[in-house]
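Below: one structure, written as structure tokens.
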Amino acid sequence: MVFYLISLFVIAIDQLSKGWIRANLAMGEETSVWSGLIHVIRLENTGAAGSSFQGYGRWFVPVAVLIVAFVLYSRSKGRLKGLWMEIGTGFFVGGAIGNAIDRVLFEGVTDFIQLKGRGGVMNIADIALNIGVIVLLLTTLFTRRKQAKVTTAE
């Protein structure tokens, strides 16, 4: 249940924030919030992370569909068990779907968040994808360590 709640929450917040940005900021228009900690600038990315593969963003839609299908299949087979796996996969799938929606509807992804002192511009889906990957990596690492300790103790 946590997986679905997080996925839906991420998709909703991602799409609402991108919709607001598209409705209220012209392309390239920018502003700062939180005393300049966050720079808001509207950009359209027709590629992948870091603006790589410009113009080929639609090729990532089938990849996102395959990843989501793999996660759902793995969950149905009981391979992704535990609260932290639910949280990690929820963020990851929500982010993947959020960006896939943009690629299908707008042929590119709306990016608008830039942290002070950082070069890349991102969106809520990108942040969710990163959170998901970090949670999944840490969960896998700690689960393996725990299993290794149990095996060693026996």
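Cβ coordinates come from backbone N, Cα and C, glycine included.
Remember, TrEMBL labels are computer predictions, not curated facts.
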Matching range for TrEMBL feature annotation, transmembrane segment, among 7-25, 83-101: 83-101
Under 8 Å by Cβ from Asp111 (active site), counting only residues of that chain that are 6 or more apart: Arg42, Leu43, Glu44, Asn45, Val121, Met122, Asn123, Asp126
Other parts of the chain folded back onto the transmembrane segment (121-142), taken as Cβ under 8 Å at six or more residues beyond its ends: 10, 13-14, 17-18, 41, 43, 45, 49, 82, 84-85, 87-99, 102, 109-114
Around the Cβ of Asp126 (active site), the count of other Cβ atoms that are within 10 Å: 20
Assigned element (helix, strand, coil) containing Asp111 (active site), judged by DSSP: strand
